[in-house]
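These notes concern the structure reproduced below.
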Amino acid sequence: MADKKGSTGEKLLYCSFCGKSQHEVKKLIAGPSVFICDECIDLCNEIIRDEAAISEKEGGLAVKSDLPTPHEIRQSLDQYVIGQEQAKKILAVAVYNHYKRLKHLGKKDDVELSKSNILLIGPTGSGKTLLAQTLARLLNVPFVIADATTLTEAGYVGEDVENIIQKLLQNCNYEVDKAQRGIVYIDEIDKISRKSDNPSITRDVSGEGVQQALLKLIEGTMASVPPQGGRKHPNQDFLQVDTTNILFICGGAFDGLEKIITQRSDKSGIGFGAEVKSKEERDVNEVLPQVEPEDLIKFGLIPELIGRLPVVATLAKLDEAALMEILVEPKNAIVKQYQKLLAMEGVELEIRPSALTAIARKAIKRKTGARGLRSIVEHALMDVMYDLPNHKGVQKVVIDESTIAGDGKPLLMYEEQPKVAGSN
């Protein structure tokens with residue numbers, strides 16, 4: 001009954017759903033011959049929210065509705081990563097298609113879209129890890145970096161491959177739904193290659209065995225992870241994480257792969273019309289983009305793993321010009337970072353072009369790529385950063401070629417006259 005007569009004869013209105021009178025609730029809203037109170041409306045809203053969350057889990061993972069286009073992804077990568085244009089294009093398309101696929105999940109269709117995991121091949125310090133980190137930050141998804149060299153088969157001393165998923169969960173406060181649409185970057189994947197391209201008769205717990213374990217994770221499995229970082233034991237309840245929709249990016253330097261590619265291309269280039277090139281002429285940057293699955297198998301990756309990494313992007317070895325650009329151009333450029341640090345002391349930092357050239361050449365000589373740039377700049381500025389808080393009146397610090405070479409010290413510019421760091 002929506003209305004009754006009270007003891008005083010007044011007509012009382014009641015909620016048609018919970019039966020409470022108009023005096024027991026804050027608001028009673030009338031419809032055609034029915035009434036609903038504010039408490040029932042709140043309850044209905046809560047039920048709708050819960051059901052929407054359940055259908056989102058079953059029908060498809062929550063993915064950013066404003067997914068950036070490949071061009072927008074590429075532009076964002078350009079702000080942090082210098083060069084590697086082809087690799088950025090390949091990554092932008094692969095990541096866009098992956099998250100577009102997640103939006104498509106749960107829709108009834110004849111076509112099932114497969115996941116496109118990525119393999120990055122390039123020298124140390126060429127930007128493999130930075131590309132993966134930048135992508136995860138752009139898409140605002142959980143991200144974890146795993147080192148393949150620390151992994152072993154289950155049951156052996158070392159990290160289990162499922163520890164990767166545990167770290168991913170930690171990075172998103174153990175929200176399983178978020179982790180299931182995250183990005184995993186596995187570094188040093190080339191270091192777990194089997195020792196020869198023939199299957200081994202002995203146990204290879206940190207090579208082929210790890211590849212087999214990673215294979216299950218990458219292609220999609222239910223990983224059992226102990227809650228809140230606990231250790232595994234038999235009577236424990238595990239969190240179940242489906243890795244089917246996690247994007248895996250594997251990276252490695254693959255030292256020596258260019259020789260395998262060259263040998264293959266030399267065999268196919270025999271005859272009168274073959275172009276003869278000396279080995280010295282064959283630049284790594286020219287050879288690596290010609291990589292084929294058979295080359296990776298010969299290097300020591302198992303065919304099944306290569307099949308699960310269909311998108312292959314090669315990164316070029318960075319030259320002097322690229323390294324100089326990396327020092328000053330990106331949003332998080334090393335020179336900008338040190339200028340900011342010194343600006344906090346009220347001091348301007350100037351690194352002259354000759355010094356930038358010297359830094360780039362030193363990194364090339366060390367064969368550390370962009371990764372080695374920071375340590376060179378840090379070493380050059382160490383004494384200045386140590387002494388600066390105690391020096392009053394310093395306006396500017398100048399770094400030139402001699403500072404990088406170790407022949408001279410940074411120049412401290414005072415209001416009155418220049419003074420060399422460390423001099424009396």
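Backbone N, Cα and C define each Cβ position, glycine as well.
Predicted, not measured: the structure shown is a model, and the values here were computed from it.
Under the heading Zn(2+) binding site, Swiss-Prot lists Cys15, Cys18, Cys37, Cys40, citing sequence analysis as support. Secondary structure at Cys18 (Zn(2+) binding site), taken from DSSP and collapsed to helix, strand or coil, is coil.
Summarising the annotation, Swiss-Prot assigns ATP binding site to Pro123, Thr124, Gly125, Ser126, Gly127, Lys128, Thr129, Leu130 and lists sequence analysis as the type of evidence. DSSP assigns Gly125 (ATP binding site) to coil in the three-state reduction, outside any helix or strand. Taking the Cβ of Gly125 (ATP binding site) as reference, residues of its chain lying under 8 Å away and at least six apart in sequence are, in sequence order, Leu318, Ala363, Thr368, Gly369, Ala370, Arg371, Gly372.
Here Swiss-Prot flags 3-56 as domain 'ClpX-type ZB'. For the domain 'ClpX-type ZB' (3-56), the model's average pLDDT works out to 80.
Take the CB of Cys18 (Zn(2+) binding site) and look out to 10 A: across all protein chains shown you find 13 other CB atoms. Other C-beta atoms found within 10 angstroms of the C-beta of Cys40 (Zn(2+) binding site) number 18, with every protein chain shown included.
When Cα-Cα distances from Thr124 (ATP binding site) are compared across the binding-site residues Cys15, Cys18, Cys37, Cys40, the shortest belongs to Cys40.
For the binding-site residues shown (Cys15, Thr124), fewest C-beta neighbours within 10 angstroms: Thr124.
In the three-state DSSP scheme, Leu130 (ATP binding site) is classed as helix. Take the Cα of Leu130 (ATP binding site) and measure to each of the binding-site residues Cys15, Cys18, Cys37: the nearest one is Cys37.
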